[in-house]
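For reference, the structure is listed below as structure tokens.
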Ligand SMILES: Nc1nc2c(ncn2[C@@H]2O[C@H](COP(=O)(O)OP(=O)(O)O)[C@@H](O)[C@H]2O)c(=O)[nH]1
Ligand SMILES: [Mg+2]
């Protein structure tokens, strides 16, 4: 009885934590996006000046408190040799943010292939629920010669059948200015909470 009461009490005091992977090709703006999340949600966090961000080799992890839960973000290196490591993280993630450099028209095919790979490997991966939401961010919308959100949505359209069961969306952002960052995080948080029945959070 004591243990039951203790367990209940402990969970009462704990908050739900959802893990979110930030994926995308190198140079897409993933680390800049995470830095802006820190600035928006944790004004006291240690931040890296945006102009001093270097390509990510390992991982950057940051947790924020939002609504009544936590979101733990994992910004992983995007160079092709590091992308093979992404699947290691799939089992424990509740949602994926895929950042796209909208100004990099030359690599848009590569972007499409990577996203298809992610969706396929997540489907083939034991333990990962295929219901987890995927948010695609069309970053660098400040660059005049860029792909529009509509163009980038076409990548999602190609995947429409595979994405059937999930929440998915494309949102425009300008990571360097922090524009769209809050909308993106809030969109995802609502979907993570909604998908709790399929992919349970941790309690922290
Ligand atoms: N013009 C513009 N540049 C951006 C934006 N977001 C990121 N960048 C730049 O893109 C480069 C790569 O950013 P970084 O965050 O390191 O990308 P990562 O490799 O995906 O982590 C850096 O020079 C950033 O300043 C944006 O919204 N607009
Ligand atoms: Mg990086």
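Cβ atoms are placed via backbone N, Cα and C, with glycine included.
Over in TrEMBL, the protein carries these features:
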BINDING   24, 25, 26, 27, 28, 29, 30, 31, 78, 139, 140, 141, 142  GTP binding site
BINDING   31, 56  Mg(2+) binding site
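Feature map: annotations from TrEMBL on the structure.
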residue	record	Cβ contacts under 8 Å, 6 or more apart
24	GTP binding site	30, 78, 98, 99, 100, 101, 111, 114, 137
26	GTP binding site	55, 77, 78, 79, 80
28	GTP binding site	78, 99, 100, 101, 104, 139
31	Mg(2+) binding site	48, 53, 56, 60, 75
140	GTP binding site	29, 101, 102, 103, 146, 174, 175, 176
142	GTP binding site	174, 176, 177
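Close to ligand 2, meaning a Cβ under 6 Å from one of its atoms, are these of the binding-site residues 28, 31, 142: 31. Under the three-state DSSP scheme, residue 31 (Mg(2+) binding site) falls in the helix class. Cβ neighbour count for residue 78 (GTP binding site): 22 (other Cβ atoms within 10 Å of its Cβ, all protein chains included). If you compare every pair of Cα atoms in 24, 25, 26, 27, 28, 29, 30, 31, 78, 139, 140, 141, 142, the residues listed for GTP, the longest distance is 22 angstrom. For the binding-site residues 30, 56, counting C-beta atoms within 10 A of each C-beta gives the highest total at 30.
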